[in-house]
Amino acid sequence: MLLGASLVGVLLFSKLVLKLPWTQVGFSLLFLYLGSGGWRFIRVFIKTIRRDIFGGLVLLKVKAKVRQCLRERRTVPILFASTVRRHPDKTALIFEGTDTLWTFRQLDEYSSSVANFLQARGLASGDVAAIFMENRNEFVGLWLGMAKLGVEAALINTNLRRDAQLHCLTTSRARALVFGSEMASAICEIHASLDPSLSLFCSGSWEPNAVPTSTEHLDPLLKDAPKHLPICPDKGFTDKLFYIYTSGTTGLPKAAIVVHSRYYRMAALVYYGFRMRPNDIVYDCLPLYHSAGNIVGIGQCLLHGMTVVIRKKFSASRFWDDCIKYNCTIVQYIGELCRYLLNQPPREAENQHQVRMALGNGLRQSIWTNFSSRFHIPQVAEFYGATECNCSLGNFDSQVGACGFNSRILSFVYPIRLVRVNEDTMELIRGPDGICIPCQPGEPGQLVGRIIQKDPLRRFDGYLNQGANDKKIAKDVFKKGDQAYLTGDVLVMDELGYLYFRDRTGDTFRWKGENVSTTEVEGTLSRLLDMADVAVYGVEVPGTEGRAGMAAVASPTGNCDLERFAQVLEKELPLYARPIFLRLLPELHKTGTYKFQKTELRKEGFDPAIVKDPLFYLDARKGRYVPLDQEAYSRIQAGEEKL
């Protein structure tokens, strides 16, 4: 702005006052421009203009399609119906576990059976039904069938047990629960605490003695249900589709609301931004209860007619064999998955596949080039975006290490920003005018996205819990009176506008591809340790993605039955949430508001040369906590100890 005003001033002064010829005026302006650092702008412009134009066109295309869907009140089931009409007999889903193949027509008929059956059982538009099962074709057919009826699906994380699992079912107010037979034991554990009015249905192998007494076998009931489309509910593009549970920033899992427009937007931005094709075949081994697997992956099938291969769980040893068997051209990943593949011994299969794109997030810069070159993958399509966020990013031109970009030239087109935060408290830093201070290139800051509720691409749908929404929204961020979504993630932007993931703030960290809520883990550990003070945080471990969980426990005597503690943890917490490291110390220091001071604990980490308190780590082979001495620390640092 200042540079522009200066140029105009020089132009007027040179021409009107000095009466110089236009050639001299031009040289004067060029001299001033370059002298004021304008050459940086020219450099950025030349290097990024093609990228920015392409990104802008993608944004405009998706925005136009979203507006059309809004006008015509289209929903995901309506959009899927048009996909079925285009190619009814094309393969839609393949389940690797049984080689079960569903065409688009079969998926359509199965989902309609689900809708008609639930309608016959009294469920109606606006009701909620929960799904608790491992990956398979039926998972997609179930929530899609619910959507056809206007019933909102609550997609429960299959790793959750007991309190967390019960919390998800209770807060969703589900009237029905469909669970896979493989999850029967987990349902039996909480059956006594479930609402007696909750209808229970089991899909898969049927053993009456292995499920709660009130459970019905769903599969034969669906075979008898009508396969025609039920009467369409009065739903619009901004109405609720389903709920995905996320740890958010604190506490037990929260239900993030996914509306039809959000589902479309997330899938479409990936499709157009990374130049996908309708004849691509996607290999999806990510959990379908998360947005990466169910929206970014399955969304390409439902909305764009791709074939998606579903795997129950990721297998490093079978990964490339599967890709060859099913002729996959796109694979989905999380950063940890890529490291597992690189740790596998070389094999012929990794050179015989047809994969042209790896799509996902969390791939570290240190292994990025090695991953793409060893496995001969031309395009790494890295993106950033939580289920509930309004500031998704895409690395459309495969810049190594970047999770996306924002134009330095036309930054106002996509209103996101990195803002300064206090390193210790993670509070937003504001200027004298009360507005958040934007970061300069190279300066880490929290990513925020401006909220515009009337714009489907900028709206924040939030969580079912209003209190959780309040914690994710800040005011006066871009300008006075506005609102912005707080991602809780620290990124850094380079001079060209590429964004790189740095850290996860708030009270979560990421481990084994899952967000771990420190508050939830702290509560569980404290309860198991007779309400001792416990601080949980993530620590970096060389050669691994994310942060490993570490728990600092206030234990004045230093005594703890760690063997029994490890056994109980197996029943109370999913594997990814169990602390890898333990630190026993006399007391935990707190802030004036009784929050644990974790900054120093994080900095000290688990190095026995720095930490003088007793340290322990979870030995994966022994299944218990053992002392962490200098020798064990060296093995962990060298990657010789499995965590």
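Positions of Cβ are set from backbone N, Cα and C atoms, glycine also.
According to Swiss-Prot, the transmembrane segment annotation covers 20-42 (among others).
Annotation source Swiss-Prot lists transmembrane segment at 139-156 (among others), citing sequence analysis.
In the three-state DSSP scheme, Pro253 (AMP binding site) is classed as coil. Annotated AMP binding site per Swiss-Prot: Tyr243, Ile244, Tyr245, Thr246, Ser247, Gly248, Thr249, Thr250, Gly251, Leu252, Pro253, Lys254, in sequence order, evidence recorded as sequence analysis.
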Seminar exercise, completed: CB neighbours within 10 A of Tyr245 (AMP binding site), counting all protein chains shown, number 25
Exercise. Looking only at Tyr243, Pro253, the binding-site residues on record, which one has the least crowded Cβ, with the fewest other Cβ atoms within 10 Å?
Worked result: Pro253
